[in-house]
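What Swiss-Prot says about this protein:
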| type | residues | note |
| --- | --- | --- |
| BINDING | His173, His175, Asp186 | Zn(2+) binding site |
| DOMAIN | 102-224 | domain 'MPN' |
| MOTIF | 173-186 | motif 'JAMM motif' |
Amino acid sequence: MHINNWPTHERPREKLLAHGAATLSDAELLAIFLGSGLRGHDAVQTARNLLHTHGPLRELLDRPPGDLMRLPGLGLARACKLTAALELSTRHLAAALQRGASIHDPISAGRYFAQRLRANPNEVFAVLFLDNRHRAISFEELFHGTINGAEVHPREVVRRALTLNAAAVIVGHNHPSGNREPSPADRMITQRLKNALDLIDVRLVDHFVIGDGAPVSFAEHGWL
């Protein structure tokens, strides 16, 4: 059945307008981008097939344009548009920080960490330093590790916070495996970091774990 024959409330575009993009599935978002599907399939089914065969979403979107253009349902034009859309998203988030916008929205902060860290093949631990109005001072990748982990030194985060005269920090790291579940080591270093920052009156606002799907927020889960 063509999407135009679906009930209005089930169509991806109408759902986006009524409830926001965040409520759509990966396949529905990709279907909106595709616009139309392969012969005999609607855009949603084509998107589902792409994700099933070449996904999950992170792996699909991390592909270079040369790889994307060879996938069924994409081609040269869509591959270039998709790559450009991802870069625009990254620049939009970066521009907001560079303008000194206050960061009070955890979704935007998590999205920024995801854009910066998700494509790394090894684990990277980064820190976003904020002033007393929660405006960005600096985003720094402080610790680089292997595919299995990165060694984090709270004293180095404290040193940089003092140097930058930061009032608060948001930290985040990626899991190259794609598994977003925080490990026991993640929870332990978060507590050590919070304790160290408390000593210099710098607030740890959040810790994001980046994997497949939406970032996991320690603050949102009450783990801080």
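One-based numbering along the chain as shown.
Each Cβ is built from the backbone N, Cα and C atoms, and glycine gets one as well.
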Helix, strand, coil: count each for the residues of the domain 'MPN' (102-224), based on DSSP.
37 helix, 35 strand, 51 coil
Counting across all protein chains present, how many other Cβ atoms fall within 10 Å of the Cβ of Asp186 (Zn(2+) binding site)?
20
Would you list the other residues of this chain near Zn(2+) - those whose C-beta lies within 8 angstroms of the C-beta centroid of His173, His175, Asp186 - in sequence order?
Glu123, Phe125, Gly149, Asn174, Pro182, Ser183, Val209, Ile210, Gly211
Could you pull the average pLDDT for the motif 'JAMM motif' (173-186)?
92
